[in-house]
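Participant: Structure in structure tokens, see below.
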Amino acid sequence: MLFPLNSKHTKRKKNGPLALSPMLFMVGMFVLLSFICGGFSKVPLLIVFITTSVFSLFTLRHTPFEERLTIYSRGAGQDNLLLMIWIFVLAGAFAATARQMGAVDATVNLCMQLLPPSMLLPGLFLASCFISMSIGTSVGTIVALVPIAVGMAGPSGLTEPMMVASCVGGAFFGDNLSFISDTTVVATRTQGVKMSDKFRTNFAVALPAALLTFVLYMYLGWGTTSHIAVGAVDYWKILPYVVVIITAILGLNVLIVLTGGILLTGIIGIWAGSYDVAGWLSSICDGIGGMSELILISMMAGGLLAVIRAGGGITWLIHNLTRQVKTVRGGELGIATLVSLTNLCTANNTVAILSVGPLAKAISQRFGVDPRRAASILDTFSCVVQGIIPYGAQLLMAGGLASLAPTSIMPFLFYPYILAFVMLMSIAVRRNK
């Protein structure tokens, strides 16, 4: 039998460096396959995670093989991960049904009428910032805007990866700042500060980064022209997107929001003659099927990271990174490094903050780091790393909805890079005590 275990009689020896070796193996596989396949964007992430998962099982050397499989399987099926997968399933269904009934085309026509082509790219980034600030989730923002971004790419002459990247970058702006974001809640609670204090501290760093990103997107989009005639806007077909955005802003659960959006696309699509009931159901199945690779990668990432944690990799990382901290600046850099590397291993910014939050508080108390700064650093660097790893939920979701490799989006994902630079500069210029 696979899952029943007698864990009381199993003593697992931990070896931190060995436990972390799957991360190095994964990077090595990624680089190797990029040479073989002719570029990073052509690397099949599914193959990378399959081989890395197999490798990871052999790092738990003093653990029975059945228990290794159980650790991996429990990580692949943990509650938070499965909740994310249900979102992926419904997001794929909503995107496919909305596209099939003409919602994307109608929304694109409206945007092309309201905005000049040169402002579509920065305008999309700005819209993503505001929506994510309102709903407090980067995933929900990506679900709502990426299909629209893909639809606008062709008529505007801009590339799909660039348009999608503007959505993802803006989504992380709100995820980092919103009062209702789970990362904000966890960061403030672990550091014992008010959300309003953390917001003011964070805003001083996030705003310059967002403004620089907006200007950069404006420069890249400047001079863009469209030679395609804009069609008439069918406002009824825009309604599913409007309802999804408004209900998300009102705070409804994202699963309820997406389910309502799917039903609304069916009602409007059948009424407008875009498809019949069979066609609507077929679109739902096609959309879910299109997310299958994303779902498998997410589950394998969860299993892989559970093995790393079980082997003591995270604990070893935290212990060794804190030994060299001696000053305020060192304390801030230590907190930033801790949460970044933990996020790199867990691929979940909320889990990363929860994992290192208590230690970050101890560092801030020992070396005089302002708790508001500690909370801001935790949230900022976890969002930065989450935004630039190709196996994170946000880039996987965006890539799945746009039928793009996550690595093809990353070169245009300017906001996380600029945010990291601004925050590092703010740490560098601080006076040590």
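In case you wondered, yes, glycine gets a Cβ from its N, Cα and C as well.
TrEMBL annotations: computationally assigned, not manually curated.
What TrEMBL shows for this protein is this:
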TRANSMEM  18-36  transmembrane segment
TRANSMEM  42-60  transmembrane segment
DOMAIN    47-222  domain 'Na+/H+ antiporter NhaC-like C-terminal'
TRANSMEM  81-100  transmembrane segment
TRANSMEM  120-153  transmembrane segment
TRANSMEM  203-222  transmembrane segment
DOMAIN    239-423  domain 'Na+/H+ antiporter NhaC-like C-terminal'
TRANSMEM  242-273  transmembrane segment
TRANSMEM  294-318  transmembrane segment
TRANSMEM  377-397  transmembrane segment
TRANSMEM  409-429  transmembrane segment
Participant: Are the transmembrane segment (81-100) and the transmembrane segment (242-273) close enough to be called in contact, which here means at least 3 C-beta pairs under 8 A that are separated by 6 or more residues?
Facilitator: yes
Participant: If we skip the immediate neighbours and take only residues 6+ beyond the ends of the transmembrane segment (42-60), which ones have a Cβ under 8 Å from one of its Cβ atoms?
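Facilitator: Counting only partners 6 or more residues beyond its ends, the transmembrane segment (42-60) has Cβ contacts under 8 Å with 12, 15, 18-19, 21-22, 25-26, 29-30, 33-34, 67-69, 71-72, 293, 296-297, 300-301, 303-304, 307-308, 310-311, 390-391, 405-407.
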Participant: The transmembrane segment (242-273) and the transmembrane segment (377-397): do they have three or more Cβ pairs under 8 Å, with pairs 6 or more apart in sequence?
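Facilitator: No, these stretches are not in contact.
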Participant: Pairs of Cβ atoms less than 8 Å apart decide it: which stretch in 242-273, 294-318, 409-429 has the most with the transmembrane segment (203-222)?
Facilitator: 409-429
Participant: Quick one: average pLDDT across the domain 'Na+/H+ antiporter NhaC-like C-terminal' (239-423), no decimals.
Facilitator: 86
